[in-house]
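Got a structure for you, written out below as structure tokens; questions coming shortly.
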Amino acid sequence: MYSMEQVVNLAKHRGFVFPGSEIYGGLANTWDYGPLGIELKNNVKKAWWKKFIQESPYNVGLDAAILMNPKTWIASGHVGNFNDPMIDCKKCKARHRADKLIEDALDAKGIEMVVDGLTFDQMADLMKEHEVKCPDCGSEEFTEIRQFNLMFKTFQGVTESSTNEIFLRPETAQGIFVNFKNVQRSMRKKLPFGIGQIGKSFRNEITPGNFTFRTREFEQMELEFFCKPGEDLEWFAFWRETCKNWLLSLGMTEESMRLRDHGEEELSHYSNATTDIEFKFPFGWGELWGVASRTDFDLKRHMEHSNEDFNYIDPQTNERYVPYCIEPSLGADRVTLAFLCDAYEEEQLENDSRTVLRFHPALAPYKAAILPLSKKLSEGATEVFAELAKDFMVDFDETGSIGKRYRRQDEIGTPFCITYDFDSVEDKAVTVRDRDTMEQVRMPISELKGFLEKKIQF
């Protein structure tokens, strides 16, 4: 099994991800997506939008503002309840999330336990029972566990006063809920229907870490699917299966993921069913997707605080009710990292070895690389590049031996290398090499576009 360090080193070396503000010593746990990283992440986002918005007869899109009226966050419960259990080491003063310290300590002993949902007293008892130590200095002396609100505060306007206090959104979902009526009316939607959006969110995490898995600035891909009360669990099962199948359709292996249902003690007070789709990272299991049946909690809260009526009148029965909501919430950065980890392989060949990223062609940063066999052939190869670049992200590489160029493309996950050789000038054909099998076939240049279009389908 490869390590997280190997993936991180490749990501930095090959231009997937760079440390943020690196020339100034960086800023803890901030990352910049490089040329290949942004292509990979954009492809993941496009694939999500295609499946959950474009191909769905039920769903439409939205792009709500990051900054919202602060009453939004009072209504949603974030101002009062969006907290993590914080604890400080008395010896080295390091600050930690108590629940994660306990889970890591139990995991090291081979005990699987979800601590989320326990009281502070129960957490404190577990820390004593299992002699939980500070990961920084090894001390077992901690302060009492206390609440820490995760929202970033800022001020709107020129005066820094409590009346001008606003927040960076901690999730994209609330922008959907407050626009429920706008979307429903303008798009003439009947239940069931969904609203999806992709956007940045911000959480002042106590202990971010594991590369891009847990960061304070992150991107979400969220769908809020509204339905009639009583039909919610049926739709919950539908979206849970759809989410899993989307991951499988893009090449994620069944063995690398699991579906974990929340027990009664772990469920949020407003939820009647929640499943986490988790991925087995080199550092352990981590949540990618939370699929939750949120009942009518969110719309009712906003009705109470805004006096806006979110009741829906059923056109067939004339029933009047507040819709229930199913929320599949996916972290764009997390799932991008998961696809990167799942694709990573160090392969031993007969007389050689190679590092290869086995991305599904739909996700690969470059769909193909154009490789002229000699610099004398650059003109003809450039014409092939120009034609394919109208429809696909393709690379052009004329530096080094053809073998080294193949290895470079394997390492960044390019599924097809297209070699333009001396015969290409006459027969208008090229050699296409498959990344995974390394097999090569001769193909007319005129067929390349259709070939790539077929391969990137999922």
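Just so it is clear, glycine is given a Cβ too, placed from its N, Cα and C backbone atoms.
In case it's useful when we look at the structure, here is the feature table from Swiss-Prot:
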type	residues	note
BINDING	ARG97, GLU171, PHE218, GLU219, GLN220, MET221, GLU222, GLU327, PRO328, SER329, LEU330, GLY331	substrate binding site
BINDING	203-205, 213-218, 287-288, 331-334	ATP binding site
Considering only the binding-site residues PHE218, GLN220, GLU222, PRO328, LEU330, which fall within 10 Å of GLU205 (ATP binding site) when distances are taken between Cα atoms?
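Checking Cα-Cα distances against GLU205 (ATP binding site), none of the binding-site residues falls within 10 Å.
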Specify the secondary structure state of ALA332 (ATP binding site) as given by DSSP, simplified to three classes.
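Note: ALA332 (ATP binding site) is helical by DSSP.
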Between the Cα atoms of ALA332 (ATP binding site) and ARG97 (substrate binding site), find the distance and write it as a whole number of Å.
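Between the alpha carbons of ALA332 (ATP binding site) and ARG97 (substrate binding site) there are 23 Å.
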Just how many other Cβ atoms lie inside 10 Å of the Cβ on ARG216 (ATP binding site)?
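Step by step: centre on the Cβ of ARG216 (ATP binding site), count other Cβ atoms within 10 Å, giving 17.
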At the Cα level, what's the spacing in Å between LEU288 (ATP binding site) and PHE218 (substrate binding site), rounded?
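Cα to Cα, LEU288 (ATP binding site) and PHE218 (substrate binding site) are separated by 13 Å.
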DSSP three-state call for GLU205 (ATP binding site): helix, strand or coil?
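Note: GLU205 (ATP binding site) is coil by DSSP, not helix or strand.
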Out of GLU205, GLU222, which of the binding-site residues is least crowded by other Cβ atoms within 10 Å?
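Among the binding-site residues GLU205, GLU222, the lowest count of other Cβ atoms within 10 Å belongs to GLU205.
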